[in-house]
Amino acid sequence: MIRNNKSMFIKLKDQSSYEMPSGSTAKDLADKLNLKGPHEALGASINGKTVDLSYPLQEGDQVILWGFNDPEGKEIFWHTSAHVLAQAILRLWPDAQPTIGPPIENGFYYDFANLTISDADFEKIEKEMQAIISENFQIKREVISTKSDALKQFQNNPYKCELINSFEDESTLTGYRQGEFYDLCRGPHLFNLGKIKALKLMKTAGAYWRGDSNKEMLTRIYAISFPDRKLLKDYLHQLEEAKKRDHKLLGAKLDLFSLKEEAPGMPFIHPKGLIVWNQLVAYIRECLSRHDYIEIKTPTMMTKELWEISGHWGNYRQNMFISQIEDRDFAIKPMNCPGCMLYYKSHTHSYRELPLRIAEIGNVHRYEPSGSLSGLFRVRSFHQDDAHIFMKPSDIQQEILGVLALADEIYSTFGLSYRLELSTRPEKNTIGTDHEWEVATAGLKGALDEMGKEYRINEGDGAFYGPKIDFHIRDAINRSWQCGTIQLDMALPEKFELEYTFSDGTRQRPVMIHRAIFGSIERFFGILIEHYVGKFPLWLSPSQIRFITVADRHEPYARELAKRFKNAGFHVDVDSTQESVSKKVRNAQLAQFNYILTIGDQEVEHKTANLRTRDNVVHGEIQIDEFIQKLEIEKQQRQSHSPYASAERN
């Protein structure tokens, strides 16, 4: 490759080399590549570090440009939008004191002291934000020389000063300036404000400074912004759809679960909900059996000494429920892992036994502040479909492939697509040697490459004990949920001194994978309620078939049929009330019965039933034996869609 001495070569995401003039910035590269739409560059990663587009490039740099379709791009976009919000608030309420304003999963927020507003102020604030954006300020990053300089610059804001004092003395402090607004911030940010085309304030809330209930209550403003007005319109539509799918409302309406003040954050699963629950557990157990897992059950409460070995007592105690029995400290398990380590140690192991796949559907308890509890999504008591796989280092890639295949099979059954993220070694405070991390990361990456699914790399975002793969599933309205995880753990086998005998007779430390696919079964149940809008496929449904009688004389035949369907393994109900047929049909549809069978004089005479679906697809008279056979196939194959979804299939 020929080059002149005033140019340099950098590497793009696809590892191809690209020639740029010496002294170029990431923005120069973005301008040259001229990416458009959701791929238009908002920021960059250079050698794994996320930076502003103004960042200078050097010979050999590995450069990835982030657009709004990337999580990194959204984070940069929303972080800058938070600064626009703070600037607007200060223009309108000069005595307000900005504290922190981070991007979050959907948009951003900013917390303010000395500010009282209501929803009635939103229009005024949005108008001021639009005015600031129209000024199209270039955003400038400024390095602050010392902590004392930073304290001087923010001397009138005690919240910023508290943050500054919490940093280590050698930390590099930076500020960002747009017009008259200047904020203490590590960045990165947009190059200018012109990229922000649409925004909306969502709500206000109270928030304690730094999340500490002993500190001041601040005013938090939530908002969201987009580089395109249509994206905002689509997002607001998605919010309306999400309201219809709220699992808390549907859970009550369909009598699936409830939450009681007497047990905050600990769900009561009702009979109908337990039918769904049991099907989920039976399904995953079936999958585990086919993939050669064994299953164990470990105690719910174990001694302090165990949690000291695992590190939970020192690092996680504030999130544990602790009790004292006979002068000994016990903790209810917040995780299943330490119990599995004890099970592994209860036997001696040979390399011939490995890989050893051990599953547990364990009930764990974690303290969560009452204000953070939310339906089935954020609870204090939940079940995890955990598994720990013990193996030789040479097994890593093949075992990861096996877990990836298992997860793909399970998510596909529910009609859930997903994306994958590989998180690599953090810069500081990790255990294990460089070689161990290289082998572990190469194993995970090799498995992902072999699987052939697209994935993204989160540089430095792994756990201190090993790299990990996360599954982000997408539901029916395209919301993303982090569910499954595959974590390679180099810490617990060391802490518990786990061993196996190698072929040469030496005792060696196994490599361990921690994996979960549902994650929290309660949370996954909640996701499915919203994904299906309560309309569970037949195999999961707690309300499969309802018989409706036209008159009292039809009840004996309806109950005879109901018994046949129950004997065939279906959940059946008979409505023989005095309501009109149309009202009974409507009630059955609202209760989300998959199939509604009406019995009248003709059906009694012909020994048939009149079929319609919960979506009001009417099929008329059907033969009972044939219908049962079709439903058995639908249930056994765990079909997502009913063969009776359209009238043409009759």
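Backbone N, Cα and C define each Cβ position, glycine as well.
Since this is a predicted model, take the numbers as computed values, not measurements.
The domain 'TGS' annotation in Swiss-Prot covers 5-67.
The region 'Catalytic' annotation in Swiss-Prot covers 246-537 and is backed by sequence analysis.
For His514 (Zn(2+) binding site), applying a Cβ distance below 8 Å and a minimum sequence separation of six or more within one chain yields Cys337, Asp386, Ala387, His388, Thr485, Ile486, Gln487, Asp489. Residues or ranges marked as Zn(2+) binding site in Swiss-Prot (evidence: sequence analysis): Cys337, His388, His514.
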By DSSP, what is the split of the domain 'TGS' (5-67) into helix, strand and coil residues? 11 helix, 24 strand, 28 coil
Considering the binding-site residues Cys337, His388, which residue's Cβ sits among the greatest number of other Cβ atoms within 10 Å? His388
Using an 8 Å cut-off from the Cβ centroid of Cys337, His388, His514, can you name the remaining same-chain residues around the Zn(2+) site, in sequence order? Met335, Asn336, Cys340, Met341, Asp386, Ala387, Gln487, Asp489, Leu492, Met512, Ile513, Arg515
When the pLDDT values for the domain 'TGS' (5-67) are averaged, what is the result? 89
